[in-house]
Amino acid sequence: MTQTAPSSLRSLPPEGAATTNLLDTLQRGLAELDAQGLRRVRRTADTACDAHMRVDGRDIVGFASNDYLGLAAHPALVAAFAEGARRYGSGSGGSHLLGGHSRAHATLEDELAGFAGGFSDAPRALYFSTGYMANLAAMTALTGKHATIFSDALNHASLIDGMRLSRANVQVYPHADMAALAALLDASDAETKLIVSDTVFSMDGDIAPLAELVALAERHGAWLVVDDAHGFGVLGPQGRGALAAAALRSPNLIYVGTLGKAAGVAGAFVIAHETVIEWMIQRARSYIFTTAAPPAVAHAVSASLKVIAGDEGDARRAHLAALIERTRALLRMTRWQPVDSHTAVQPLVIGSNDATLAAMRSLDAHGLWVPAIRPPTVPVGTSRLRVSLSAAHSFDDLARLEAALIEASEGQTRREAEQPPRSLRSLPPEGAAVSVGAARRDAEQPPRSLRSLPPEGAAASLGAARRETAA
């Protein structure tokens, strides 16, 4: 008796076909990225993150990192990291709820709540391994089908992904458009409302209208979640963040900060009313279902907070502010469009992917690492160089950047001057006019297939000749 395979198996592709199909699809996708100038390439640092580094075997000045205060290689933080590893070992051994929550984590959470929680009467902090995980937690644990999220159009990808996972209704308002946001809030009857915004927007460097956001949240009974990834440690008195810089307090606030940028280590945190944090401990999947970060990391962050809040932190912020103002001036010397940013993120919008990559390579030839930011990170047609400043930079570094940017800018001007005007680029090559005229004369002749026919009566002899040739 012949056995027939189950119908579910009969439809399976031949062995290996699924792998081949997937690889073909991915290879086509990679080729498309190459054709559009959109493939991203990793570079390998051979030394610690600093203004002057060795990358891919070359000495460079880096304008790519988010190490805004230049603390990533600070001796006090390196020593604290080593001390934490000696005390707690190299790993946490489990999730925060199953054995991985150490004294270093608990101490850091208390310190963070005291340092950046001045906006709340009852602040509590929750430490996460990454900023991405912190934003996912805030979006998913605090919302659901009953909620509406009102999101700035330029919010970070981690917030957007969290919104998608939350199952909440998401309404996007134009970037920093408070009138549009107010209209959306007026029309909403959602049980829970969350307004969500970056504080410093990572690709433009501008700062959200935080006072207006707080006022709208309070007026409409909404919560305001702010992601201060690029403000914590840099903005406000003692680097306490964007809310402290604007002197804002509200019971409606939820504050997210990261610890791998200005703080120079790794991780992130959420600060909110203690009830909000307790709920996140119970329900935030990106907190519950992952191994806790090594305690040594938390121990190093505690050392970082001391530097940030002290006299050295003030001096580093003052130097960074001076670098920012100098950079704003030098970017205006190029042919390109600088964004009006007063933060350490200084974008220079060039436009096309090809021109942006050419500018990046020109700077790289001078030993300067300034990354090209392209779609989908930024809208099509707004590809840019993003100059990220650090207190570890010197004014000599900026002088090198200025000279290289001017040369790159002039190089693009020369390349464009060497190209014919767009109206002429579609004209046929030299000599083609003759060909066109010939084509017109040819058009007046019978088709070539008819012109080559033999004289009447020659068909038989032609056929015979072909047969002889074939033989």
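Glycine is treated like the rest: Cβ placed from N, Cα and C.
As recorded in Swiss-Prot, the features of this protein are as follows:
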type	residues	note
BINDING	R40, H156, T377	substrate binding site
BINDING	G131, Y132, S202, H230, T258	pyridoxal 5'-phosphate binding site
MOD_RES	K261	N6-(pyridoxal phosphate)lysine
REGION	409-471	region 'Disordered'
Taking every protein chain shown into account, which of the binding-site residues S202, T377 has the largest tally of Cβ atoms within 10 Å of its Cβ? S202
On the Cα atoms of R40, H156, T377, which are listed as binding substrate, what is the maximum pairwise distance in Å? 18
Looking at the binding-site residues R40, G131, H156, S202, H230, which has the shortest Cα distance to K261 (N6-(pyridoxal phosphate)lysine)? H230
What does DSSP say about T258 (pyridoxal 5'-phosphate binding site): helix, strand or coil? strand
For the recorded positions R40, H156, H230, K261, which one has the sparsest Cβ surroundings, going by other Cβ atoms within 10 Å? R40
Nearest by CA distance to T258 (pyridoxal 5'-phosphate binding site): which of the binding-site residues is it, out of R40, H156, T377? H156
In whole Å, how far does the CA atom of T377 (substrate binding site) lie from that of Y132 (pyridoxal 5'-phosphate binding site)? 16
Pop the Cα-Cα gap between H156 (substrate binding site) and S202 (pyridoxal 5'-phosphate binding site) into the table, whole Å please. 8
Using a 10 Å cut-off, grab the number of neighbouring Cβ atoms around the Cβ of Y132 (pyridoxal 5'-phosphate binding site), all chains included. 18
Residues within 8 Å of the G131, Y132, S202, H230, T258 Cβ centre (excluding the pyridoxal 5'-phosphate site residues themselves): N66, N135, H156, S158, D227, A229, G260, K261, A268
Express in Å, rounded to the nearest integer, the largest CA to CA distance found among the pyridoxal 5'-phosphate-binding residues G131, Y132, S202, H230, T258 named in the record. 14
Per residue, counting other C-beta atoms within 10 angstroms of the C-beta, which of the binding-site residues G131, T258 reaches the highest number? T258
